[in-house]
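Undergrad: Submitted below is the structure of interest, expressed as structure tokens.
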Amino acid sequence: MHRVQNVQSHVGEYAPDILVVGSCFLDYVGYVDHMPQVGETMHSESFHKGFGGKGANQAVAAGRLGAKVAMVSMVGTDGDGSDYIKELERNGVHTAYMLRTGKSSTGLAMILVDTKSSNNEIVICPNATNYFTPELLRAQTSNYEKILHTGLKYLICQNEIPLPTTLDTIKEAHSRGVYTVFNSAPAPKPAEVEQIKPFLPYVSLFCPNEVEAALITGMKVTDTESAFRAIKALQQLGVRDVVITLGAAGFALSENGAEPVHVTGKHVKAVDTTGAGDCFVGSMVYFMSRGRNLLEACKRANECAAISVTRKGTQLSYPHPSELPAGVT
């Protein structure tokens, strides 16, 4: 059974500036002192269950900062799905167009975090997300009329739901004059790369990391200069604006074909890097929605992501406005 979830706590018409179409997963996180070897059974130092999924992470990052943001995703009709919708609302994310299915449970991610390096390993089980098809989304939203409304400024998509749904939504939003943001994580498979390339002209802002940029362009991204070359190659494929995130090394970007620039990362003692890239993307679009240009939005998003890696957890680590350094507004 598929149905649109109508949340009663939102009264009257809601007109978000930002719409996120993506994934909602439950995170099962274990903290270990080293990553297990093949055949090794080990104890975790601690464990927690949280809320994740790249789409929801980005929506929550924006919502916590005060954005007018709405989420469209597919969760189960199970208790986890109900809990997730409530959690989104608690973080300022509008949920009236969330979809639910009785055909599968809510998706989940199994995450190991190395407490010494802060690196992680993640295994995803999409579950309900597999039913999030473009045909279903069109049917439940009156061919997008309910979600791509007049006045919507930004659409954010990732690569964690069925790719046809992502690409169909991006193309439709672009045709309606919406600024489309595509974060190509997790890294696309070779067949997905070939599907993505023809859709890049419909992407206003493409935001890959260095691995994803290399997969799309065929160019290795190992330093600032190679990142600049990849940016130019992506713009030749039809993208207007490009941001390549470089982990602790910061990011490189070009807005509207201008010469690329590099901004170094902020050095902090990282505890858990899970979801830091999502924090960056959601925060970046929030600051853009407040009138910042791409460079200034990314600088501020860099501050938000730097805060997030100093804390355990994914969405729980994302900052509220009161936690930001002076001048980061």
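Including glycine, each Cβ sits where the backbone N, Cα and C put it.
What Swiss-Prot shows for this protein is this:
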ACT_SITE  D278  active site, proton acceptor
BINDING   F25, L26, D27, G53, K54, G55, A56, N57, E160, D278  substrate binding site
BINDING   N209, T245, L246, G247, A248, A249, G250, G277, D278, N302  ATP binding site
BINDING   D272, T274, S308, R311, G313, S317  K(+) binding site
Undergrad: Which residues in the same chain, at least 6 apart in sequence, have a Cβ under 8 Å from the Cβ of K54 (substrate binding site)?
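TA: Those within reach of K54 (substrate binding site), by Cβ under 8 Å and sequence separation of 6 or more, are G22, S23, Q158, E160, N183, A185, P186, D278.
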Undergrad: What's the longest C-alpha separation between any two of N209, T245, L246, G247, A248, A249, G250, G277, D278, N302, the listed ATP-binding residues, in angstrom?
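TA: Between the outermost Cα atoms of N209, T245, L246, G247, A248, A249, G250, G277, D278, N302, the distance is 16 Å.
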Undergrad: Based on Cα distances to T274 (K(+) binding site), point out the closest of the binding-site residues F25, D27, N209, A248.
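TA: Going through F25, D27, N209, A248 one by one, the closest to T274 (K(+) binding site) is D27.
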Undergrad: In the three-state scheme derived from DSSP, which category covers D27 (substrate binding site)?
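TA: Going by the DSSP assignment, D27 (substrate binding site) falls within a strand, counted as strand.
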Undergrad: Within 10 Å of each Cβ, count the other Cβ atoms, then let me know which of the binding-site residues N209, T274, S308, S317 comes out lowest.
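TA: Among the binding-site residues N209, T274, S308, S317, the sparsest Cβ neighbourhood within 10 Å belongs to N209.
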Undergrad: Out of D27, E160, give me whichever of these binding-site residues has the highest number of other Cβ atoms within 10 Å.
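TA: When each Cβ's neighbours within 10 Å are tallied, E160 leads.
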Undergrad: Just jot down the residues in the same chain as F25 (substrate binding site), at least 6 apart in sequence, with C-beta under 8 A of its C-beta; none if empty.
TA: F51, G52, G53, A56, T106, G107, L108, A109, I124, P126, T129
Undergrad: Given a separation of at least six residues and a C-beta threshold under 8 Å, show me what packs close to R311 (K(+) binding site) in the same chain.
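TA: Spatial neighbours, sequence-distant, of R311 (K(+) binding site): V271, D272, S317.
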Undergrad: Specify the secondary structure state of N209 (ATP binding site) as given by DSSP, simplified to three classes.
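TA: Where N209 (ATP binding site) sits, the three-state DSSP reduction gives strand.
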Undergrad: Would you mind reading off the Cα separation of G313 (K(+) binding site) from D27 (substrate binding site), to the nearest angstrom?
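TA: On Cα coordinates alone, these residues lie 9 Å apart.
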Undergrad: Residues with Cβ closer than 8 Å to the Cβ of G250 (ATP binding site), same chain and 6+ apart in sequence?
TA: H262, V263, T264, G265, N302
Undergrad: Just to verify: the residue among A56, L246, A248 with the fewest other Cβ atoms within 10 Å, which of the binding-site residues is it?
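TA: Among the binding-site residues A56, L246, A248, the sparsest Cβ neighbourhood within 10 Å belongs to A248.
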